[in-house]
Amino acid sequence: MKAFIVLVALACAAPAFGRTMDRCSLAREMSNLGVPRDQLARWACIAEHESSYRTGVVGPENYNGSNDYGIFQINDYYWCAPPSGRFSYNECGLSCNALLTDDITHSVRCAQKVLSQQGWSAWSTWHYCSGWLPSIDDCF
């Protein structure tokens, strides 16, 4: 009986753990948030390789004890405040949990800040996204 109650509780909580987007839904939402259209295919590629388009992903612990959060796998040592309270530069000025929600606004704004300060190579998956990319024109 306890196992059943736990399963029901987890099933009800599942929507709180983020959502899975696709290339086009991400491109449209980012466009609506003002991201330049010529960047959308590259962002979609990064999201695909970093999180498989999942907003609620917390990556495994990195070599320095940090973790990466959300659809763009943003690092908690530099960019957001981890729930553990561990030191962070928190350059985006937000909790890492804000990067795990269905609303990707915080993730997009923080990712844009990462891009402006470190460029595309800030993402370890960048090499998958540096050449030819599929067009996102069919998404609009």
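Using the three backbone atoms N, Cα and C, a Cβ is placed for every residue, glycine included.
Between CYS129 and the candidates CYS12, CYS24, CYS45, Swiss-Prot records the disulphide pairing with CYS45. The record in Swiss-Prot lists a disulphide bond between CYS139 and one of CYS12, CYS24, namely CYS24. Nothing from the recorded positions CYS24, GLU50, ASP68, CYS129 places its Cα within 10 Å of the Cα belonging to CYS110 (disulfide bond). In sequence order, ASP68, ILE71, PHE72, GLN73, TRP123, THR125 constitute the residues six or more apart from GLU50 (active site) in its chain with CB-CB distances below 8 Å. When the disulfide-bonded residues CYS45, CYS80 are compared by the number of other CB atoms within 10 angstroms of each CB, CYS45 has the fewest. The disulfide-bonded residues close to CYS80 (disulfide bond), defined as a CA atom within 10 A of its CA, are CYS92 out of CYS24, CYS45, CYS92, CYS129, CYS139.
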